[in-house]
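Q: Not my notes, these are from Swiss-Prot:
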{"type": "BINDING", "residues": "2", "note": "Ni(2+) binding site"}
{"type": "BINDING", "residues": "73, 76, 89, 92", "note": "Zn(2+) binding site"}
């Protein structure tokens, strides 16, 4: 379950930012996650709740912004929507796709006090 290490990394980032920007508590965290990031959102929520106990983010809301998956098709030279890696191009059926969006996992915004 790599979601646990992701949650731990988020808490570490929050602690670093708290020291740098001098805030004491995190009330909410917004994450952008693409469908190609290989993250199970419900597992991440569970892990986030577990690792934030006793930290400056204890009780913080975890808001997930799901990004669409997109790829450039080398077969028909078009930008196309994809739901998972190794999907065929919905326009021409080619499997020669380069992912351009959807593999992100990043902290987008924080609500702090």
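All residue numbers here begin at 1 and follow the chain in the order shown.
The backbone N, Cα and C atoms fix where each Cβ goes, glycine too.
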Q: Can you list, in sequence order, the residues of the same chain other than 73, 76, 89, 92 whose CB lies within 8 Å of the CB centroid of the Zn(2+) site?
A: 74, 75, 77, 78, 80, 90, 91, 93, 94, 96, 97
Q: Who sits close to residue 89 (Zn(2+) binding site): which same-chain residues at least 6 apart have their Cβ under 8 Å from its Cβ?
A: 71, 73, 75, 76, 78, 80, 95, 96, 97
Q: Test of understanding: give the count of other CB atoms lying within 10 angstroms of the CB of residue 73 (Zn(2+) binding site).
A: 21
Q: CB neighbours of the residue listed as 'Ni(2+) binding site' within 10 A?
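A: The answer is 12 other Cβ atoms.
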Q: List, in sequence order, the same-chain residues at least six positions removed whose CB sits under 8 Å from that of residue 92 (Zn(2+) binding site)?
A: 73, 75, 76, 78
